[in-house]
Amino acid sequence: MSASLQVSTDSSLSAPSLPAKTDGHNLLDSECQAPWFVAVLVVFSVLFVVYLAAHAKKNLKKLYSRRSFVTISYYALLWLVTALNLGWSSLQTWQCSPGKEAGWNLLSLFTTSGMLCLEISLLAFLLQDDYASGLDALAHNFAVSGIIVGVDMLLKVIYVFGFGVPLFLDGVGSTNKVKWGLWIMHKLLLTAAYGYILFVHFSKSRDSLHPRPAFYNYIVIMFTVSAIALFGCGLAVMGASFGIWLYNLTVFCYHSLYLPFLYVTFLADFFQEDDFLLENAYYSEMKDAGFFDADWD
């Protein structure tokens, strides 16, 4: 009798108070990010928000005076994605909190999709033949990025909410081949897109692309980051813990540095006070890159 009571008591003490399974995987295996990881993400995100806010008045005046539809749209989208990224950085504990999984997946979905939209629209801008700032250029860029990002979001929604693939959860599904297979396809396509622009830039068709060298420094860096992430996913799908660490490192760098890097590369010069300084900067970059060497031959 006492033995039975003891077994019953031990069983009740060891029973979990929260359900272990949600959407087909174990939430108790989910690991919260280290405090330093979250702190650095938040600091970078907050600093960039403060920077944008400090320059917002001047930037809005410049946008109003120049009336560039493309730049206005990018600037508005940048603000939206920056706010989402700040929320994503601040709410890292959601991914290891039972009951917050759906909210975390939605936040991650919209944040990553917004950042992908910026990436794709900039790729479309670099590949288009006409660099005018009118409505046609705006429609072209966002039509391309909208279709691609829409398909990407749809696939992620199906796999995350339909099949329960822990696409956005760290520490969950570390051996899930479907999860890493999806990320491999994602990174492979981005790496191929950046690689194609680099190939064209160094080929005889160079003149068909935008002439500003700073844009191709951006492409080189993004190609390198995408290739490293692709390599990490390839190792992770084979069960290598180093691959997971390498992929997480690229995610950390992406969410910490990508938005400021994009702003400095594509928008900062636009907001210079003196248009002459902007034109002079473009000329100096193109001259250093050898675009005018033929004029001296």
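Note that Cβ sites are derived from N, Cα and C of the backbone, with glycine treated the same way.
Lifted from TrEMBL, the feature list:
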TRANSMEM  36-56  transmembrane segment
TRANSMEM  68-86  transmembrane segment
TRANSMEM  106-127  transmembrane segment
TRANSMEM  139-162  transmembrane segment
TRANSMEM  182-203  transmembrane segment
TRANSMEM  215-238  transmembrane segment
TRANSMEM  244-268  transmembrane segment
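Pairs of Cβ atoms less than 8 Å apart link the transmembrane segment (244-268) most often to 215-238, out of 36-56, 68-86, 106-127, 139-162, 215-238. Contact check: the transmembrane segment (182-203) against the transmembrane segment (106-127) gives at least three Cβ pairs closer than 8 Å, residues 6 or more apart, which meets the contact criterion. Non-local neighbours of the transmembrane segment (106-127) in the same chain are 70, 74, 77-78, 80-81, 84-85, 87-88, 91, 94, 137, 140-142, 144-146, 148-149, 152-153, 156-157, 160, 167-168, 190, 193-194, 197, 209-210, 215, 218-219, 222, 254, 258-259, 262, 266; each lies 6+ residues outside the stretch with a CB under 8 Å from one of its CB atoms. Proximity of distant same-chain residues to the transmembrane segment (36-56), defined by a Cβ-Cβ separation under 8 Å and at least 6 residues beyond the stretch ends, is recorded for 78-79, 82-83, 85-86, 89-90, 92-93, 252, 255-257, 259-260, 263, 271.
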